[in-house]
Every structure is written in structure tokens, then in C-alpha cells.
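Below: the structure, in C-alpha cells.
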Amino acid sequence: MPNSSIETGKLLSTCFLKAKASPLFQPEQVLSHCLRKAEENKYNAYIKVCSEYAKTKLHQTQSKPEHPLRGIPFAVKDAFCTEGINTTMASNILRDYIPPYTATVVKKLEDAGAIMIGKTNMDEFAMGSGTIFGAFGETRNPLDETKISGGSSGGSAAAVAEESCFFSLGTDTGGSVRLPASYCGVVGFKPSYGSCSRYGMISYGSSLDTCGIFSKTVKESAIVYNTMCGTDYNDSTTKIDVTTVDLSSLESIEKDFNTGILKNTKIGIPLEYFVDELNDDIVSVWEETIKWLQDQTGAQIEYVSLPHTKYALSTYYVIATAEASSNLSRYDGLRYGNKVSKKQDLLSYYLQNRTEGFGKEVLRRIVSGTFALSVDKYDTFFKKAQQTRRLITNDFYQLLQDQGIKYLLTPCTPTPALDRDAFTKMSPVEMYVNDIFTVPSSLAGIPAISVPIEINSKGTKSKIGLQLIALDEQSCLEGATVLEKVKL
Ligand code: GLN
């Protein structure tokens, strides 16, 4: 007689398509298993687990038509509004906020029958790369508890890595899905800007904010993407020509990665990504993967240049903080946000609510963003950053469109998952350097994915994320399906 809890647990380590096809798949048991694990909250991945809500939803799915996501438990970063369920952005200022509506992307997944089991931990207002700076404590890395889970969507990455759900949602403004995915050894997909609605996703930097997906496999990310992408009349920045990904092409690559999909395909290796901060282990995984692709798939490797990419980090931190300073001005205790102040005059009231409601990093960014937008500094900072962003974007299009390079392959992060203690001792600027490889494609608004590459060094297995950048989701996910096969 098989132990049903162990068997159910095993199902969680595979993709949901395989799990569902198994005779052992019992939706109620799978859900209970996930809820138990989420409630145990071993790595503090969850801010809130919604057990009763999830059970009711599962009951309601019985009347829904079959869909690959029907009955599949998933978790959502606490940055997405969920009707009647606290949504905190991991901030004290929103600690008691209960949204009156659900974010479009979450609603689409629920409409397909996926079961939301909880809201995951993050850096406050999605500002950070460690899931250390939130009002609900830090999320530890399930692969190694002495390491950070990465951020800002660390809770969502850890939830998939610890196998308390099959997939999860995060937000990626400058790398917050790809970076924690890379640290936690899971797939992290950031679609292009505007392909998925931002309606109900609490804003950080509106021109950069993108909804992203964590999963065990690339194909799962593709299925989730197909379910939630599309034009939304509640978000005027969604594109009008969003197409879903053709899964059959991913399936044929899964069956045989050598179908010729990459034969003579140009893969660019940007020379500017060989930065001083790059760790040796990352370089060797990158180089060995390049060689693997050349040898195994016939891909044509070209060393290319993205000349303005060296300005990406500073450009990003000007634009993101400027937009954040504007977006976060609504949290004053009157219009939005907790009221702690009893002060009578308006300015003191705002000041106290905001000073006590926001954490240190958020306050720092509001100040620097306000500075970049101030009358005297606007031209030198914000306007210049906008102009530089255009040049950075043009670099990508020049390679990926004009020069026929189909992919850019880069590391996702300069180092493997950082030690928790070392990370907390870093200065803000040292922390910002962790985003060096993820912000350029965010500024350009194009798809990028982090794929875990399994390495086997002296008998010890570990994973390091490599990033694949392309101009469209179909190409990005096809390439990533090949990358998933790399074994070093
Ligand atoms: N680490 C980056 C930042 O702090 C990216 C965050 C994100 O993508 N939300 O801004």
C-alpha cells in the first residue's frame, strides 16, 4: 500500500502535466499536501496561506471545463490584489489592506481552474534582491538555508523550490523573477512588457513592471503564460497583438532537443556581460553551456556588443526610483495606507504615516526618485535616463532584429546565491550590482528567462541560472526548452 502523502509529494516534484496524468493524482490530496507544506512555512515563503479559500475554489472547479491548470495549486506574490484577501506588498503601510478586486492575471488563472493557496513573501514594495527587507521577515533559500532566496519575489521562488505548489507568480521590474529563480534552482520567466496585464498588480515602476512566472519546467511556464497573457482594457499598456505560445513546438523540442531548432541559429554572447564582479563558477557554467550548445545543437555562437549596456544599472535605478516616488505618493494614510498618526496638521500627518509605514530601503528610493524628478535635476537625471534607455533598447533591436541574432545567452546573476550574512552587510549600491544582468532586458521590455543549469562538480549537484533573451515569447521559450536539457 503506497504512502499517499509521500506519493503526492513526489508528484509535486514533476511538472503538473505529468502529475495530472498520473493515476495517483487526487486533487483533494494534492491540495491538502500543498496547504500543509505552505502552512508549515519552513522557509517563510508565505505571508498568508488561504486554506479555506483554496478548498472552496477546488470544489468550484468541478463544474469548470477541463484545462491543464484545473485543480493545480499555485501561489501568488503579495503584490497582486486578491479580492477579500490581504495584500500587503510586504509593507507595514499596507498591512491591513484588503483589495476589493482581483488582479487580471490571477483571475484568469482562477477562471481556468488553478487554485490559489496563498500570498508569498517579498522585499517591501518589490524593492530588493534578497527577500530580506520586508515587514514579514526574510525568506530563506530551500536549496541552502544559509543563502538568501533572492528577490524581490523570493517567496514565490522558494514556494516552487520547496514544492508547496506547482507554479507561482512574481513581479519582475528589473529582475525580481529571474534572480530568485536562479538562486532557488527553478525556471523564472519574464514575458515582454505589455503582454500580461498589470491591472491589480501594485505598482513599483510602471514602465518596467511585468508579471512573471516561476515553475519547475519551461513548458509549465508556457502554459501559465498562455492562460494569463492578452490585452486588458483595464491596463492601457497591454499590447493589442499578444499571441500565445505554440506548445507543440516546445513538445517536439522536449522529445528531442536536436530537432534542428538551433542548427545554424545565431546565439549572441554579449562581451559587456563579462564584468569584474563575475564569479568564476558562473563563468565556467556559461562557457561550458556555450560549448554544449555548439557541439550538441549546431548553434552558431557570436560574441557581440551591446555598447550602452554599461549604463543600464544606473539608468534603471533612476527610472525605477523616479516612478516609484510618484506611484508611492498615494500612500499617505488618507487616500491609501495605514493611519498611525493622530496629528492634526496635514503635513505632519503625512510625514508620520509615511515615515512609520515604509521601511528604510523604500524611503531611500522615494528620496532618490524624488530628487531625480525635481525641477533642477530633471534634465540631468530623469530625462537623461530616458534617453539612455532608448539607446540601450536600440542595442538589443540592432542585434536581435537587424543582425539576425536570435538569442542572447548570459548569466542571470554575477554570483551564485549569496550568503545571507554577507548580503546583509552589503551597502545598497553593492546590492544593486546583483541586478546588473537582468535590468537591461527590463529596460528594453523584451522577454527573458532564467533556466537552471544542473552542474555536477565532484559528485555534488547544484544549479546555476543562465538567462536567455529573445525578441518574442515563442523564441524565448523554445530556446529555453533546449537549455533545460543542458547537463554539465
Ligand atoms: N532588485 C531590483 C530592484 O530592487 C529589481 C526589483 C524588481 O524587479 N522588482 O529594483
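Backbone N, Cα and C define each Cβ position, glycine as well.
Pulled from TrEMBL, these are the features on record:
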- 30-471: domain 'Amidase' (DOMAIN)
- Lys77: active site, charge relay system (ACT_SITE)
- Ser152: active site, charge relay system (ACT_SITE)
- Ser176: active site, acyl-ester intermediate (ACT_SITE)
Listed active-site residues with Cβ under 6 Å from ligand 1, out of Lys77, Ser152, Ser176:
Ser152, Ser176
Measuring Cα to Cα, how far is the residue listed as 'active site, acyl-ester intermediate' from Ser152 (active site, charge relay system) in Å?
5
Cβ-Cβ neighbours of Ser176 (active site, acyl-ester intermediate) (radius 10 Å):
36
What whole-number Å value do you get for the CA-CA distance of Ser152 (active site, charge relay system) and Lys77 (active site, charge relay system)?
9
Tell me the Cβ contacts of Lys77 (active site, charge relay system) under 8 Å, same chain only and six or more apart in sequence, or just say none.
Lys119, Thr120, Met122, Ser153, Gly155, Ser156, Ser168, Leu169, Gly170, Thr171
Would you report the average pLDDT that the model assigns to the domain 'Amidase' (30-471)?
96
Counting every protein chain shown, other Cβ atoms within 10 Å of the Cβ of Ser152 (active site, charge relay system) number 35
